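Taken straight from Swiss-Prot:
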TRANSMEM  5-25  transmembrane segment
CARBOHYD  Asn53  N-linked glycosylation site
REGION    54-170  region 'Disordered'
COMPBIAS  54-81  compositional bias 'Low complexity'
COMPBIAS  89-104  compositional bias 'Low complexity'
CARBOHYD  Asn92  N-linked glycosylation site
CARBOHYD  Asn93  N-linked glycosylation site
CARBOHYD  Asn97  N-linked glycosylation site
CARBOHYD  Asn101  N-linked glycosylation site
CARBOHYD  Asn127  N-linked glycosylation site
CARBOHYD  Asn280  N-linked glycosylation site
DOMAIN    312-597  domain 'Protein kinase'
BINDING   Ile318, Gly319, Arg320, Gly321, Lys322, Tyr323, Ser324, Glu325, Val326, Lys341  ATP binding site
CARBOHYD  Asn390  N-linked glycosylation site
CARBOHYD  Asn601  N-linked glycosylation site
Amino acid sequence: MGKYYQIFFLLYLLCILYVISCGYINPYSPYSSPCLFAPIIGYLYMGGSLSSNSSNNNNNNNNNNNNNNNNNNNNNNNNNNKDSKLTENCNNNSSNNNSDNKSNIKNKQHHHHSNFRNRRGKSNNKNSSDNDDCTKCNKRHHTQSSSYDTSELHQSVSSGLGGSMGSGSQALTDIEKDINEFMNANPSHSLNKQQIQQQQQLQQQQQQLLKQQQQQQQQQQQQQQQQQQQQLEKQRKEQEETEKKKQLELQQQQQLQQQQQNGNGLIIEEDMMEGRILRNISKVYRDVNENQPKSYYDYEGYRINWKNVDRYEVIQKIGRGKYSEVFSGIDIETSDEVVIKVLKPVQKLKIQREIKILESLNGGPNIIPLLDSVKDQSSKVCSLVFPFVNKTDIRELVYTLDDYDIRYYIFELLKAIDYTHSKGIIHRDIKPLNIAIDHSKRKLSLIDWGLAEYYHPGKNYNVRVASRHYKPPELLVNMFDYDYSLDMWSLGCLFAGLILDRDPFFNGDNNNDQLLKIVKVLGTDDLFNFLDKFGLSLTDEQSSLIKPRQKSNWERFIPYENDDIAQPDAIDFLDKLLRYDPTERLTAKEAMKHPYFKDFNQSIL
């Protein structure tokens, strides 16, 4: 059997030489050479003598030796590949961690053989066979790389080296030291830490930015919600205001409609008409409208020819009234100064009446003419255009006017009133504010015809007209069939304020108090005579306020500084205007013939 073993040893030696010559194994590697020559060293150590065991034992020993050799080869290959991997990682400055380096060493250790053959210039067929071996090797070591078993490595190293290179644990610690030295010497490891820190900082910054963006979005959403709520609240308030305005407009329209119906004799309370003995009929101009065609006074069927408002330019506001606001403006086509009266939302019938009356009075003395009627098509606002008048309130001029000036302007006013009455029209709102005086030109104009009405004898009219301080007694006791004499009472109140330096002369707080103020001057005898004549009566409240009084003497109301103005003919003229009974008052024509105007009335005699 010793011969057979020698023959087997020679064959093994030849195989090793062939493997080395072919380049499959590097004999200079410190890890592979002990594995290749371990059997030879063992044979020489034993002196070439073998025990005379049975053939079966020899076969078993040979098999065990072969297995050990295979294990040693595998372990040496692993060690060799680890070394090559360490070298390759040092050259490439790998940035992987410790565990990744170990797994990469195991996964790449089997390409050492193919790389060695390539350096020797071998053919592609050999490379393909080597690749097949590497595939098998990879399959075998894939299970090993999943779990790094240090005990298996210890056994393989100790068995392969045969004790010549020390124990397996010492080899393992050497490898781990090399790996640790490599990792400590590798600068990419510290770079990885810096990169990780930078990435963490970037992530923190991104998170902060995201938080800031979210906060900004939340703030924007809150602001948008607040703005939406504010807009909704504003819209709600605007809607409430518009609804209130509409309700007020409806109420005003209903009141105006009721007043208009009362004024036209359509609705009159029956208890007020009971006991009427005599109907009031004007003693002048009573049949003017009856002698005219219906189209002359029928403002209900009158159609207004509205023109474009763009012709006029508004400059500034100069006044306001109950039913309108007044602005100064310019006629763009002629560059003339104008006055634009912007009408508030009122009953359409009232606007038609005012325009119709102004057309009827066009060209009259001291009556402001209507230039144009315009309408804004977008807003539907209606306006009346008049020539510009340098308006000065007559009350502002009272201290600059002398006796002659007062006579002159009252006479000019009577001209306008008489012309109005001659056209069958009652002004119904004569007061200082509706009299425009340009004293430098000595020009007077009667303005504001919004309450004017056509007169028809025996017709009932609305008693809610004229300003309180200039209301005649017939309006205060609800006498609906009044006539032109209403304007003459208002003129008397205005004249009393001028010559007696007391405006308003009858300064009542309400309608009943206004009647009481009149009674204190004119007494109760003439009042009761007036009421009895026309079958009128006082209300319970009026009866409780009014007590029997004598008529006052006009001279007691004259201030000493106005002796030159309040002359006897002026007092007589005033006394004939302020009468309870409308039939006893002077008409406009009669007033102009009064001796008070003897210096001016030659033209009308």
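Every residue gets a Cβ built from N, Cα and C, even glycine.
In the three-state DSSP reading, Ser324 (ATP binding site) counts as strand. For Asn390 (N-linked glycosylation site), the same-chain residues lying six or more positions away in sequence with a CB closer than 8 A to its CB are Ala436, Asp438, Ser440, Lys441.
Here Ser324 (ATP binding site) comes close to Lys341, Val342, Leu343, Lys344, Gly450: these same-chain residues lie at least six apart in sequence, with C-beta atoms under 8 angstroms from its C-beta. Here the candidates are the binding-site residues Arg320, Lys322, Val326. The one whose C-alpha lies nearest to that of Asn280 (N-linked glycosylation site) is Lys322.
For Val326 (ATP binding site), the same-chain residues 6+ apart in sequence whose C-beta sits under 8 angstroms from its C-beta are Lys317, Ile318, Gly319, Arg320, Val339, Ile340, Lys341, Val342. Pairwise Cα distances among Ile318, Gly319, Arg320, Gly321, Lys322, Tyr323, Ser324, Glu325, Val326, Lys341, which the record gives as the binders of ATP, peak at 15 Å.
Mean pLDDT for the domain 'Protein kinase' (312-597) in this predicted model: 94. Its Cβ placed at the centre, Lys322 (ATP binding site) has 11 other Cβ atoms within 10 Å. Neighbours of Ile318 (ATP binding site), defined as other CB atoms within 10 A of its CB across all chains, total 14.
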